[in-house]
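Visitor: Right, I'll just put the structure down here and ask away after.
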Amino acid sequence: MTSQTTLAKPGQEPGEPDRPDSSGGLQAGLKNRHLSMIAIGGVIGAGLFVGSSAGIAAAGPAILLSYAMVGLMVVLVMRMLGEMAAARPSSGSFSAYADQALGRWAGFSIGWLYWFFWVVVLAVEATAGAKILESWIPGVPQWAWALIVMVVLTATNLVSVGSYGEFEFWFAGIKVVAIGAFVVVGFLAVFGFLPGADNAGSGLAHLTDSGGFFPKGRGPSSPVC
């Protein structure tokens, strides 16, 4: 019986287990704080700032049921994806797991549908951002703002992973702080503690005092009702 002496690799302490070779795979360039803020900021889209008013106008207070149901669905889907990612780590996300479970046709279809979804979402996000920026600086046309947003987003995705993570960390933080401020101001206004408010706080009375909880009928909120 013979024994062999294994030389430590550069940067590896003697006796330390061999590290996986990542030269042919993805590099772990994101820190935990990057991943946390990307996850939080990823669920906060431009629709919260731009599209919420349209949903409230169409369904009234009943829009809360739609938000709650869709939120529950998203939580369940992401929980399932997290379970699969923990059991079988893969960089292919939905398409990789569909390929493993159902076959190549499923992975191919879901992969391209997922790509198409994000292409459309990126255009919608750029348009929403341009609409907001145009209201602040009306001298620049909306299409120019949309182009600027697209260029900035593309540039951040072309640099290193660490730089992208840092960009996402700070800009997601801005969204979180803004939403937190909106919630605080909303509570102050609802309960009459907002300085300079003309009307006393109404509490939760507005949920039912203008035609009930379903002022537009059950049609606008039919997906959940």
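Glycine residues also receive a Cβ, built from the backbone N, Cα and C atoms like all the rest.
According to TrEMBL, the record shows the following:
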REGION    1-26  region 'Disordered'
DOMAIN    34-217  domain 'Amino acid permease/ SLC12A'
TRANSMEM  35-56  transmembrane segment
TRANSMEM  62-81  transmembrane segment
TRANSMEM  102-123  transmembrane segment
TRANSMEM  143-164  transmembrane segment
TRANSMEM  176-194  transmembrane segment
Visitor: Considering every residue in the domain 'Amino acid permease/ SLC12A' (34-217), what is the mean pLDDT value?
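Guide: Summing pLDDT over the domain 'Amino acid permease/ SLC12A' (34-217) and dividing by its length gives 84.
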Visitor: Using Cβ atoms and a strict cutoff of less than 8 Å, what residues sit near the transmembrane segment (102-123) while being 6 or more residues removed from its termini?
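Guide: Contacts of the transmembrane segment (102-123) (Cβ under 8 Å, skipping residues fewer than 6 from its ends): 45, 92-96, 150, 153.
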Visitor: Can you work out which residues elsewhere in the same chain, 6+ from the ends of the transmembrane segment (35-56), have a Cβ less than 8 Å from its Cβ atoms?
Guide: 63, 66, 74, 121, 124-125, 128-129, 131-132, 165, 168-169, 171-173, 175-176, 179
